[in-house]
Structures are given as C-alpha cells and as structure tokens.
Amino acid sequence: MRPLSALLIFTLLTFALLAAILASGILMGAGNAAAWGVAPLSMVFVIGLTFFGERACFARPASEPLTSVATKPRLHWLDNAKATLITMVVVGHSAMPFIGQGAFLSLKPAPLSWYTATALTGTALLKPLVVPLFFFISGYFSVSGLARKGPGAFLRDSFWRLGPAYFLFWLVVNPLNSLFGFALASPSDGAFSYFPDSAATWFLSWLLVFQSIWSLVDRPLPPMEPPSFGRLVLLSLGVAAVQLVASLMCALAGATLGFGSMPMAGPGGDGFLNALGFVGGLLAKCHDWLARPPPLSLVRPARWYVGVCAVFVALFFFLTLAPGAPGNGFAGSGGFTPCFFALQLPLGPYCACVLVLALDVFQRRANFETRLTKFLAGGAFGVYLLQYWAVTGFTYVYVLLLEQASDADIVFVNSTTSSSPVSDGELFGGFFFVAACSVIASFLVGGALKLVPGLSRVL
C-alpha cells in the first residue's frame, strides 16, 4: 500500500467511526458507549493483522526488500528524552486531580481559580509536546524494528510486549485503581461499579494500531527532505483542522471518554496530532533526519511561533478564568467552549514547532549517559504503567494532611470528586506535593522493577 493511500484510508475509516459515534450519540444517547467500543474494535484489527496478516497477504512477507537501516551507536539523547517526557506525564497527571478531572480521585476547585488557569495553560502547552513526541520516538524505532525482523515477527514481538500490559491494565489494574480511589474517598451516596478503563494505557493500544498500519506500507519510502518552516506550519495546521472537526464530532456525540480511549477534546496534542508525531518519527528514521540537529532555518522561526503561541494561550486562560479577570463573564458564557476548541488550530503548528525545539535541545544538550540517566530511562516504562497508583495514593495523603493542618472537612458525596471547593493555595500546595512524591516514588519503583530478573524484558 502506498503511504498516501494508507494515510487516506486511515483518515476515512476514522471519520466513518466518528460518524457512527455521532449518530449513536444523537439518536440513542450512546455516544460514550460507541466511542469506548472503538478500543476493542481496534484491538481486533491489531490481533487479526498480527497473527493472520501474512497468511492473508495483508503484510509484506519478510523476504521482500525492506528499508535498509544501518546499525548505529545508541542515541542517549532519546533515552533522556523518554525519561524527561514520562516525568512530564506524571507531573501533568498530578495536576488533574486539583481541577476536578483526576482519573481516580479529585478535589473540586472554585469556579474561578488561579490554579485552574495555571493548570489549563500548562496542559495546553505541554500536551502537544509530550504525547506526540512519545509517538515520534516510537515511530522512529518502529522503522528499524520492522526492517530487522520483517512484518510478521515485528508485529508479534510488539504485541507480546505491549498487548498483555494493555489488556491487564484495561481489564484489571485500572479498575482496581478506580476501586482504590473509591475506597479512599468513601462517597456517602456513591456506589462503585466495574468499568474497563484505559486511563493512561490507551497509548499502548494506539501504538499497536499505528505500527500495524506501518507494516502495510510499501517500502522503501520515496526520498524526502526535512520540511521547511512554512511547509511544516501548513501541514500541521491542516492536521489541526482535521483534529478540530474530529473533536467537535466527539463533543456533539457526548463522547467524553475519547476515541477508543484516546483523548480527543483538545486543546492540543490529541488524536490526529499523535498520528502526525508517529509519521514524523517514521520519516525521520527512514530519511536519516536525526543524523544532525534540526537546521537553524527551522529552529529560529519555531522559537518565535512557540513563544508567541505560549503568550496567547496563557492570556486566554488567565483573562477568562483567574479571579477578578476582565473576561470572567465570558468564561461563564456560551462563547468560552467554542474558543477552547478553536485553540486547536494555532496549537497544531505549535505542536510541530515545539517538537522541533525539543529535538534540537535533546540532541545538542542531552546526548550523554550517566548511572542516574540510565536508571531513569530504564524505569520509564514501569513509571508509565504504575504512576497513576502513586497519584491516587498521594492525592488522598494530601487530603488527610489538609484536614489535619487546616481543620478542613473535605467531603465526597456521590463521586470521588470532593463536593466543596478548595482554595487556590491548597490546590497549588496539593499539586506540588503530589507531583514531587509521585515522580520520586514512581521512578524508584519503576527503576527497581527494571532490575528484577525476568521483568527487565517486559519493562
């Protein structure tokens, strides 16, 4: 299959599923259920292609020519990038409980809050970097894995490394974390119900989907130079426009659980931007774009765009959500939500530009290895899998500390989100406490598990 054909088919199938989700939401009020159903459906595709693809001639057999990839020294900057990114993931997930959007336990902020404005600004600016760059790195390594093993062995190896972890966390571990949060909060009028939840592990299922599609693409890819700044902006703006339409379809369908558990609501770093990151990694490896840092002709305008966009996003949230801000009335009106969604348009090129800057910084400043960086990089996958347990536990520890220190009475009535608002100072304090404790505990446990014989091959 030609690369452009693969992208077109992926886009058309995605929008066909989105149309089905929209119809289910409007006609039957079942948008959430339909969007959730994309996850098992995507795994049926992955399993079918992985174990029956060669027999059905879906994937090219290993004897056919594949992309030639020479063995090169280990790129330590990529290891350091993974450790840094997973740290940002833990910090980001530590921020969510304090705007009432934690995965398993949350505290309710005031309607207008300095913390909420700060957290949403950070989320909007970091989300387009963290997850797409993870997909970029995964795409980069997928090229050499496929070239070395052939489609069948590559897909089977990927599935047996990622698939069991995904299914275990989806069906067992994440629901147990939900039960853990429910037991800690003990809502007076709530009742626990089992529900398979991907939480952060949706990344594994979609990585398997992207790798499966890559196995179908004709190789080697046509030669291609790194894009200019103008071309990069236009391409990412087009992807952002597609993502905006997809997110609006999910919103109209009432699909708050994402698309097959992959977040789609924005304001950046969701859905098609993740696919863009994966494709960027494929192209970078196939055409050896990372043999040297990005050219200054790309880096300099990217710095300007990222800087201007960061200021714009911060002004938007602080002028509407901070207490006493002139746009407080707008925040409570019907105009805030459309503007929130529209932020995806400028954040599309921001995503591409901030990826360029991150690659430049890591290549130039972080291409080294020490015992500490090796330990952190080695434990990154374990941290990714286990960090939500730390976030849930330390959030509740903070609730206990807050009640003891300030005589506050934090009550959970019908959910695992507190029923009364918490002050800004307490929200900021909780974030710093939970983030610091969760990062340290997750890396200590994840790094230690990596050293256990047998687990090192899994983690």
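The backbone N, Cα and C atoms fix where each Cβ goes, and this holds for glycine too.
As recorded in TrEMBL, the features of this protein are as follows:
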type: TRANSMEM; residues: 33-52; note: transmembrane segment
type: DOMAIN; residues: 76-444; note: domain 'Acyltransferase 3'
type: TRANSMEM; residues: 83-105; note: transmembrane segment
type: TRANSMEM; residues: 125-147; note: transmembrane segment
type: TRANSMEM; residues: 167-187; note: transmembrane segment
type: TRANSMEM; residues: 199-217; note: transmembrane segment
type: TRANSMEM; residues: 229-259; note: transmembrane segment
type: TRANSMEM; residues: 271-290; note: transmembrane segment
type: TRANSMEM; residues: 302-321; note: transmembrane segment
type: TRANSMEM; residues: 341-363; note: transmembrane segment
type: TRANSMEM; residues: 375-399; note: transmembrane segment
type: TRANSMEM; residues: 427-449; note: transmembrane segment
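The transmembrane segment (427-449) makes no contact with the transmembrane segment (167-187): fewer than 3 of their CB pairs lie within 8 A, with pairs spaced 6 or more apart in sequence. Taken together, the residues of the domain 'Acyltransferase 3' (76-444) have an average pLDDT of 93. Residues of the same chain lying 6 or more positions beyond the ends of the transmembrane segment (199-217) and with a Cβ under 8 Å from any Cβ of it are 1-3, 6, 10, 39, 42-43, 45-46, 49-50, 53, 58-60, 89, 93, 103-104, 131, 134-135, 138-139, 142, 146, 151, 154-155, 158-159, 162-163, 165-166, 169-170, 174, 177, 258, 260-263, 274-275, 278, 282, 384-385, 387-388. By the Cβ criterion (under 8 Å, sequence separation of 6 or more), the transmembrane segment (83-105) is in contact with the transmembrane segment (375-399), since 3+ such pairs are found. Only pairs six or more apart in sequence are counted, and the transmembrane segment (271-290) with the transmembrane segment (302-321) gives fewer than three Cβ pairs under 8 Å, not enough to call it a contact. The listed stretches are 167-187, 302-321, 341-363, 375-399; of these, 341-363 has the most Cβ pairs under 8 Å to the transmembrane segment (125-147).
Among the stretches 167-187, 229-259, 375-399, the one making the largest number of Cβ pairs under 8 Å with the transmembrane segment (341-363) is 229-259.
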